[in-house]
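Worksheet for the structure shown next.
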Amino acid sequence: GLAVMGQNLALNIAEEGIPISVFNRSANKVDDTVLRAEREGQLPLYGYKDVKDFVASIERPRAIIILVKAGAPVDDTIAALSQYLEEGDLIIDGGNEWYKNTERRGVELAAKGIEYMGMGVSGGEEGARNGPSMMPGGPIEAYERVKPILEKVAAQVDDGPCVTYIGPGGAGNYVKMIHNGIEYGDMQLISEAYDILRNVGGLSNEEMKKVFDDWNEGELQSFLIEISARIFSVKDELSGQGELVDYIVDKTGSKGTGKWTIQQAAELGIAAPTMAAALDNRYLSSLKDERIAASELLVGPEKSVFPAVDKPKLIDDVRKALYASKICSYAQGMNLIQKASDENGWNLDLGSIARIWKGGCIIRAVFLDRIKQAYDRNPKLASLLVDPAFAKELTERQAAWRSIVTLAVERGIAVPAFSASLAYFDTYRRARLPANLIQA
């Protein structure tokens, strides 16, 4: 598959001096990739337009990475390849696939003597080309075969490459799915922080850029905060006035992984309210026409009745609320991974998973090193919320967190992810809940 991700990952592999054959059903994509390989340094990449020739070109035992749309296209691709594969060959699905599909395919191919792995690849176009975070799952012996290649092409951080063996079966796909659920939560929390700063604090895009740049120097340092800062300075070239962010339509789509994460939370009985709020908000944002009509009928609080805010204090309180909410969101994601590991017998290492997310992927952040340290201190940690270091930070930030949620509610600004995170914290920290009345 030679769409954006496949093409860039192939070029990344070739740039490491590893000869690679590429194939795509559309011949023009093959030509494009070969031209890019020549242009980007005469890389050892060879294009094929016939699947039989493609398979024949690969050194035995073969290792083939497929990056095509999840579902039926993966099955079709496997069927096309299988006609020419031999015992001992390996197929690696690098797409966002439902983990049970990966496990089914693994069993089917094992019967033919062919090994199969599901490998999450995160980092988007840039990551695939320059070093992604990769989450491979499947037979450990299959991973060991391709480990030297994967370690070369992965993002590199201070403590090694951002790839590790995740676990058997569909564990790699599962972890990537939860990564994407966490990503939904992160993006929603950042957008709520932006909403409050703009509509309560009255910050301009220029001021917003400075705030996010400042945040990226501290505890919130991350890829998403960094690119948010950059976004605020991009001018709108079409109108020639203002910044592009103000002209972008406020409708967000969602791919399968976000929905699957919440379905899994319900299936496994794990509370994931921050990620669920993020998904719900995407669904609501897509109702643009309905929201425009509703805005004429449904009136919120009168803005003129509220006093002016202390802007520096607001910025600092939003930072603290964002960080505290982020801890809750990651706690929910790690709990989901742990429960799935227990249910499936995967024996996943949560500290190692957090480590490979430190570079290359969309949620990469300095914060992930803290998560790794928490699981290094206690591999059986029930929740990140009860790690002593995180518990101390949540306690120190809760006054600001409560203040921001209260302020937003009072002024009619929806903060579903901030609110869900705070409610999660308040529920988890209480020794006794009103669930006794539900039971009664």
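Glycine residues also receive a Cβ, built from the backbone N, Cα and C atoms like all the rest.
The NADP(+) binding site annotation in TrEMBL covers Gly1, Leu2, Ala3, Val4, Met5, Gly6, Asn24, Arg25, Ser26, Val68, Lys69, Ala70, Asn96. A simple way to gauge crowding: the CB of Ala3 (NADP(+) binding site) has 14 other CB atoms within 10 angstroms, across all the protein chains here.
Per TrEMBL, the feature domain '6-phosphogluconate dehydrogenase C-terminal' maps to 172-440. When pLDDT is averaged over the domain '6-phosphogluconate dehydrogenase C-terminal' (172-440), the result is 95.
Within 10 Å of the Cβ of Lys176 (active site, proton acceptor) there are 28 other Cβ atoms, across all protein chains. Marked as active site, proton acceptor by TrEMBL: Lys176 (among others).
Sequence annotations record features per position, and here TrEMBL assigns active site, proton acceptor to Glu183 (among others). Here Glu183 (active site, proton acceptor) comes close to Leu224, Ile362, Ile363: these same-chain residues lie at least six apart in sequence, with C-beta atoms under 8 angstroms from its C-beta.
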Between Met5 (NADP(+) binding site) and Lys176 (active site, proton acceptor), the C-alpha gap once rounded to whole angstrom: 15
Max CA-CA distance, Å, over listed NADP(+)-binding residues Gly1, Leu2, Ala3, Val4, Met5, Gly6, Asn24, Arg25, Ser26, Val68, Lys69, Ala70, Asn96: 21
Rounded Cα-Cα span from Lys176 (active site, proton acceptor) to Ala3 (NADP(+) binding site), Å: 20
Same-chain residues at least 6 apart in sequence whose Cβ lies under 8 Å from Lys69 (NADP(+) binding site): Gly95
